[in-house]
Amino acid sequence: MKFSELWLREWVNPAIDSDALANQITMAGLEVDGVEPVAGSFHGVVVGEVVECAQHPNADKLRVTKVNVGGDRLLDIVCGAPNCRQGLRVAVATIGAVLPGDFKIKAAKLRGEPSEGMLCSFSELGISDDHSGIIELPADAPIGTDIREYLKLDDNTIEISVTPNRADCLGIIGVARDVAVLNQLPLVEPEIVPVGATIDDTLPITVEAPEACPRYLGRVVKGINVKAPTPLWMKEKLRRCGIRSIDAVVDVTNYVLLELGQPMHAFDKDRIEGGIVVRMAKEGETLVLLDGTEAKLNADTLVIADHNKALAMGGIFGGEHSGVNDETQNVLLECAFFSPLSITGRARRHGLHTDASHRYERGVDPALQHKAMERATRLLIDICGGEAGPVIDITNEATLPKRATITLRRSKLDCLIGHHIADEQVTDILRRLGCEVTEGKDEWQAVAPSWRFDMEIEEDLVEEVARVYGYNNIPDEPVQASLIMGTHREADLSLKRVKTLLNDKGYQEVITYSFVDPKVQQMIHPGVEALLLPSPISVEMSAMRLSLWTGLLATVVYNQNRQQNRVRIFESGLRFVPDTQAPLGIRQDLMLAGVICGNRYEEHWNLAKETVDFYDLKGDLESVLDLTGKLNEVEFRAEANPALHPGQSAAIYLKGERIGFVGVVHPELERKLDLNGRTLVFELEWNKLADRVVPQAREISRFPANRRDIAVVVAENVPAADILSECKKVGVNQVVGVNLFDVYRGKGVAEGYKSLAISLILQDTSRTLEEEEIAATVAKCVEALKERFQASLRD
């Protein structure tokens, strides 16, 4: 937000210079982005009056003028501005004046005519970029007065970054309140005298959406002169806040917006049919906006309508049909409180970001509307004339925000600040902030002011007290803590060790938001209810994630859209699963998840371009599981997951308990998410793996190992892992290694069957195994496979 320093000082004028004021505002939590003078450096420019204005005898586009600057005689000045005319009060740079850029004014002849000065435009004085003509001053501007003094150009524009919680500071009044509190000065508000109704004209107002619009004020003003010029003082204040003057009606509503932080809108009353209806838009309803674009509205968009059509997007943008134009004589002033949730996201949906939506999304003071209406009415009538009707107020008290009542405990205050502030000082700070304070024993009851939506809990009051007290006034205290060496179990597996392993395998760690798009999440976890946020950043970030896959897959799409087709990423973080048995109804599990897609290897002339498959990811996952020392207890079972390919996925079990999933993303989900090519994912519950098996020292056999290979034919649906597990189980004392080295389907193997080639490594720690013992153990394995899986040795 930009504002004029002098405008701020009209409300509160501390005895500090501009730099100190800017620093004070920053330390109060409103970061100052810049302080710039409102005009260039110049001197010798005064108010003058064009007494005579005649055509230059030797130039069609020049005029010869005589100008009164309050001296002994009139000055001859040649001017080329198209708006130069007799009787106009202007800014005159006299001989000896120095303009911005060190431009010195000297006596000269222009096309043969003497010129003893220059009539200046705004751009020539470094005030603005407007060079369309010379400055037109009011007819009562005192001749001979220094223009810097008359226009109050010894001023600065201060630009601040207002955080979303401080919507009250999106108006001069909010910044002034903070400066007044910090300097213990009274706030000098402009006198707003209510405008009595002089006519009975009204329009019927109906609010059909009280949750979205708890308060709506409307007032008819008839007989205005919309072509009346906006006073220079108002134009200058608007300009110094970065707003261009449009016309008197729009300028008045913008002025109230900047001064009080209350958005307003003016309708052409004669274009309203029947009356005002505040309602939600009809699905597919259209509205031509003030900028000429057509907006197609959704059913969740608030509109201001008449009895036949939508007139404006509530709290966002006005409509072209009902807008004020050069023919307007009667207006309806609107001043409303719209719920932030009813405005949030709607403007962005249509590519809009207006001053009104910016304020309504963050919250406007619900007690401000009557004051703003009276202020706007008075300014409008003073500038444009006209007569005002009564104010029509439609308020639904049940849906208006309630002021929070907060208890601040002395113990909490001292604990969080780390410094004792006297009771009377705490009370004074809270009252100066606008709170209604009741003192108790070692505590305060404070009712937050209506303009502070961010005061809700005890910590908010602690922050306010510390902020106003001054962070610089809180003494530095050394941290006092005992140095006690923590214990570390050898069985604890550090997540950092796992991350290092994945990094070594070419994965990159990412961190994604815990807030995800509920629509995308439903594609990945259909039918699973997620925790929805009451005040989301946006609609696309309104649900808490049920797994890390939602964010990871979005990251893959983001990279693929930027020509990064080989992606290997992982993430560790919490998922949030609704669970009635968990505290607060939400179970938070620490998860480890990863995604791979694209080529198996980086591009290289000596490496084939092979796409990653299920076994690439399964191999990486087994490396992770091997760090736990429990790989031999892990099973990969065929189990359906709606997000994964039914034939290329598996559930991961540890000691009979499911700990995760691995597999290829389901083709249908791949299509919906716009994934480019085969994408594989895994996810593990980390807490079920963090306790590793500590390796035990064991004797290494000094005797030779023996390898025997067998090929068994089993049904297609028999998992190879079960075959290997059975062999280990049968040969527990002598079989030290079992490996699957070939799978065959085809000639010699019946359809629906497969041949598994297995190597058995046999060894004893105390002696060399005899051939008869080896053969007996192999035979036991074969027999066990026949009995359990109906396996047969392949010929």
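Every residue gets a Cβ built from N, Cα and C, even glycine.
Here the Cβ of D454 (Mg(2+) binding site) has 18 other Cβ atoms within 10 Å, regardless of which shown protein chain they belong to. For D454, D460, E463, E464, the entry in Swiss-Prot reads Mg(2+) binding site.
According to DSSP, the domain 'tRNA-binding' (39-148) comprises 5 helix, 48 strand, 57 coil. Residues annotated as domain 'tRNA-binding' in Swiss-Prot, with sequence analysis given as evidence: 39-148.
Across the domain 'B5' (401-476), DSSP classifies residues as 33 helix, 15 strand, 28 coil. Annotated domain 'B5' per Swiss-Prot: 401-476, in sequence order, evidence recorded as sequence analysis.
The annotation domain 'FDX-ACB' is assigned in Swiss-Prot to 701-794.
Figure note: comparing Cβ neighbours within 10 Å for the binding-site residues E463, E464, the maximum is reached by E464. In terms of DSSP secondary structure, the domain 'FDX-ACB' (701-794) contains 30 helix, 32 strand, 32 coil.
Same-chain neighbours of the Mg(2+) site beyond D454, D460, E463, E464, judged by a C-beta within 8 angstroms of the site's C-beta center, are, in sequence order, N165, R452, M455, E459, L461, V462, R467.
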